[in-house]
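To start, the structure under review is shown below, and the notes come after it.
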């Protein structure tokens, strides 16, 4: 009997592993679990070694760095997933090199504009007016650009295991370096992140050359024009998707205090682990749907099952262990438990919206994809910002939940129209 159960279990595992969507979803989820665990430990260590004010300012710095990446490279990873599988060797080379160089150029331009008007955009990030820290920051932005663009390339080639290796190296290395830079205060958190990006990027480039050994640097605007509509739709939607995540810490910093940023960011990061897992499951859905649209219904059912398994697992985890998890960062973080509960509930409408948007992307419904993405995430940002003065940091959670519910209302209206 036991042997029969073991055999059935083995057959089930083999069947799931042979399925491209499940296998790639597994590695993508595992990769983001590693990111989540190392991120959790990173901020746990930071909270123990650094003051809440230093943690809050570091969060704002990292958010600003990621914001530059969003504006310079959004839409590129979905383009890799959508177009690389059907391209010739030369076209792949041109697309990868062109998007890499394009993102670096845009990052540099945006950064210099930001520094010129830093007193207007984020006066509390005055630390970036220092020449040495300014240089570290711009190189960090470029490293982050290339590091994250690797995700789309590895995913498009069904090499999600490479993505797992890349993220594991980055996550572990920044844990190692974090305690060694306490003496420089807030920049110690930022510098340890930068060093980890450099190390992981070195290994990522090695893995990239295993996939494309003849890859060379070139720049071809024509290939951008051919994919312009798809990239533009994803660029706009990704920017609005990321804006709440990246702007809320800066908004809270200016409206409340450095400590409030830290009290918001820790529960947000715990929630964001599940947000990212849902996103990568849908990335695998997009990849499989792009390879063969005839099997879209089969892949949709698998995506729904896997996504809701993650969602209900996250809700149960947060409602049972949420207060304990926050207490690990310090007793002052326990007051953010209610924010974590609100964010956990928002996972349900979030997954409905993400699956619907992915289907629109596969079927080339880029107009509705773009419009709905903008509505969901701009409303989350605007409503959350309005509610902060009245409810404090939990106002962000209310705004986020309302924004996701607006998306569900849109879908229901479209369905029964």
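Note that Cβ sites are derived from N, Cα and C of the backbone, with glycine treated the same way.
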In TrEMBL, one of 55-74, 75-94 is tagged transmembrane segment. Which stretch would that be?
55-74
Kindly point out the range from 158-177, 338-357 that TrEMBL annotates with transmembrane segment.
338-357
Decide whether the stretches the transmembrane segment (133-154) and the transmembrane segment (369-391) have at least 3 CB pairs under 8 angstroms, with pairs required to be 6 or more apart in sequence.
no
